[in-house]
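Take a look at the structure set out below.
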Amino acid sequence: MAQGNLYILSAPSGAGKSSLISALLNQQQDNKMMVSVSHTTRQPRPGEQEGVHYYFVSVEAFESLIEQDLFLEYAKVFGGNYYGTSLPAIEENLAKGIDVFLDIDWQGAQQIRQKVPNVKSIFILPPSLAELERRLIGRGQDSTEVIAARMSKAIDEISHYNEYDYVIVNDVFEQALADFQAILRAERLTLTHQQKQNQALIEQLLAK
């Protein structure tokens with residue numbers, strides 16, 4: 001069985017990353033794609049489910065996992081809560097041939113590249129800053145001050161786009177989704193992947 005591929009997905013808030021991932025997963029037919037579920041020390045919010053949105057653990061349990069080097073990446077964010085990506089869980093799913101998506105920012109991406117040099121990374125850009133702001137306002141979730149802060153952070157995040165293997169401009173959603181699917185398809189057709197996926201066939205074709 002061929003190993004699954006590990007993907008980093010990054011984008012400024014409002015670029016449509018979550019919508020693209022959701023649409024991709026809803027269209028899959030072989031259950032060979034999934035989004036990694038992170039560990040966190042924050043309290044669950046209404047509607048969040050253990051193992052679906054996050055794995056909710058204590059600070060002591062999280063720091064024990066850090067000491068055992070069981071996180072692919074982790075960070076302590078504003079407010080003092082930890083967030084991290086479990087290395088054993090990632091390895092288990094990749095071994096099953098499942099493509100795993102890591103929804104993280106550029107800083108987490110840098111950590112992961114140090115541990116997994118062959119990870120593939122995708123950055124999603126908005127068609128313009130004006131459109132990005134329009135989308136954030138259209139959500140109706142944030143105050144004017146929060147939107148301004150998100151826009152300021154977005155410019156910093158976008159400045160790291162050139163650290164990624166692939167870039168998708170999410171202007172027309174259907175085209176962006178098709179571009180996303182094309183990347184995943186191409187990665188499954190690489191020599192390394194096909195040698196493992198079709199090992200028996202290749203051996204048969206080369207048999208004398």
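Here the Cβ of each residue, glycine as well, is placed from N, Cα and C on the backbone.
Values in this document were obtained by computation on a predicted structure and should not be read as measured data.
Pulled from Swiss-Prot, these are the features on record:
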type: DOMAIN; residues: 4-185; note: domain 'Guanylate kinase-like'
type: BINDING; residues: Ala11, Pro12, Ser13, Gly14, Ala15, Gly16, Lys17, Ser18; note: ATP binding site
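Annotated features taken from Swiss-Prot, shown on the structure.
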residue: Ala11; record: ATP binding site; Cβ contacts under 8 Å, 6 or more apart: Lys17, Phe123, Ile124, Leu125, Glu157, Asn170
residue: Pro12; record: ATP binding site; Cβ contacts under 8 Å, 6 or more apart: Pro126, Leu132, Arg150, Lys153, Ala154, Glu157, Ile158
residue: Ser13; record: ATP binding site; Cβ contacts under 8 Å, 6 or more apart: Leu136, Arg150, Lys153, Ala154
residue: Gly14; record: ATP binding site; Cβ contacts under 8 Å, 6 or more apart: Pro126, Leu132, Glu133, Arg135, Leu136, Arg139, Arg150, Ala154
residue: Ala15; record: ATP binding site; Cβ contacts under 8 Å, 6 or more apart: Ile124, Leu125, Pro126, Leu132, Arg135, Ala154, Asn170
residue: Gly16; record: ATP binding site; Cβ contacts under 8 Å, 6 or more apart: Ile124, Pro126, Arg135, Asn170, Phe173, Ala176
residue: Ser18; record: ATP binding site; Cβ contacts under 8 Å, 6 or more apart: Asp103
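Averaged over the domain 'Guanylate kinase-like' (4-185), the predicted model has a pLDDT of 93.
Apart from Ala11, Pro12, Ser13, Gly14, Ala15, Gly16, Lys17, Ser18, the residues listed for ATP, the same chain places the Cβ atoms of Ile124, Pro126, Leu132, Asn170 within 8 Å of the centroid of those Cβ atoms. Of all the Cβ atoms in the protein chains shown, 22 others lie within 10 Å of the Cβ of Lys17 (ATP binding site).
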